[in-house]
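**Q** Features from TrEMBL:
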- 1-47: region 'Disordered' (REGION)
- 9-27: compositional bias 'Basic residues' (COMPBIAS)
- 28-47: compositional bias 'Polar residues' (COMPBIAS)
- 70-129: region 'Disordered' (REGION)
- 101-129: compositional bias 'Basic and acidic residues' (COMPBIAS)
- 166-356: domain 'SAM-dependent MTase TRM10-type' (DOMAIN)
- 356-428: region 'Disordered' (REGION)
- 358-372: compositional bias 'Acidic residues' (COMPBIAS)
- 373-384: compositional bias 'Basic and acidic residues' (COMPBIAS)
Amino acid sequence: MNPNLVLLRRGRKKKKRKKRKRKKRMRTTSFHSFPCPSISQRNVSALTPNTLAPLKYREKRTTLIRATMEATQNDENAPSQPQPQPQTLSKNAQKKLLKQKRYEAKKAEKKAQEKQQKKEDAERKRKEWEETLASVTEEERAKLIESRRSLRKERMEKRSEEKEKKLERLNKAMQCGHKIVIDLDFAHLMTPSEIQSLVQQIMYCYAVNGRCTSPCHLWLTGCEGEMGSQLKRLPGFDNWIIEKENRPYIEALQEQKENLVYLTADAETVLEELDPKKIYIVGGLVDRNRWKGITMKKAKEQGIQTAKLPIGNYLKMSSSQVLTVNQVMEILLKFIETKDWKVSFFQVIPQRKRPEADPEGFQEVEGEENEGKDDQLDNKKKCIEVPSQRKRPEANPEGCQEVEGEENVGKDDQLDRKKKCIEVPSHG
């Protein structure tokens, strides 16, 4: 090997080692062990080339770094006006905000279209009425106007009569009706759209209760905060004939705590009858199954009774047995009228939640497994495998039973796997 090349490599390696050591010393150099303390106390602007000339490269660099740090600290300690930083939203928050804006815009557009449609319909009806009046004689015109006035008067009288009966029923229910409480203490766990959905359900509950022939005594507890403000926006809410409480039900009904029954799908006790002395509580929560078991947990912590509707005894649900507030309310009102859980469930629960149920013929029969052994032997069938025979030219087509799904299988496999179902006679 060439000796000059070896020396050249050694020199390069030596230079690299020196360079690494120099970098390491520069990183570990402490500012407190400064070679020139007088220069370290000066400002950055005072470090001129004349003052830095006597120093070496490493000392110059360290001096500049320390002076810069001191100047930065002085600037930070100086009183300065805080500048407000704009809050940046995350991508998910921006998507939600954009989605909410699109929803509000679409809702406003739909509302404007409905308003315009109503206006056009009213204008069309008015023109048709004017054309009808213009095409008849004076006597017929007077008769038409009089008949229209009489129909409107009858309709108004009927409405006022129904309203009076409704108020009478609701006032009577306030005194001796079944008590149902809607618990509104879960507003802090819901989004604004979920709170709005719950407010709509409460409005449906009041409407159904007013139309019912045997209404209940309805309570709303926890009507405060965002929930209370949303409820007050409903038209005529202040005139509703119900009990409104800003306090939780456990405080408003403390004297009747032993009669409180929380209706929850997680309870073990099945509700068979509605006791007039009991106060049934329905959880006002729209959570899209985020807070599972929260009503059951709350009832246990407060030490009150729990129960669930007997849905499983009458129909099979395609999903969970959790229903909306207005559905539970309507089921209870239907049961008060009919005293029949099955009729109440099939009239209220939508078809999409009970696809396998038959309102007339569906009824679970318990104890089918305990039928007599004789009946089982009579209906019992035994499947016997027939040995495969590749060549059967004189096969009897009437004695064979083709099994569904075997048409697409090869002939050899079909003959090998074919089975004949022979009924075994009963031996009493």
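Just so it is clear, glycine is given a Cβ too, placed from its N, Cα and C backbone atoms.
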**Q** Would you mind listing the long-range same-chain contacts of the compositional bias 'Basic and acidic residues' (101-129), meaning Cβ under 8 Å and 6+ residues beyond its ends?
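**A** None.
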**Q** Could you break down the residues of the compositional bias 'Basic and acidic residues' (101-129) into DSSP helix, strand and coil, giving a count for each?
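**A** Summed by class, the stretch gives 29 helix, 0 strand, 0 coil.
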**Q** Sort the residues of the compositional bias 'Basic residues' (9-27) into helix, strand and coil with DSSP and give the three counts.
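**A** Secondary-structure composition of the compositional bias 'Basic residues' (9-27): 19 helix, 0 strand, 0 coil.
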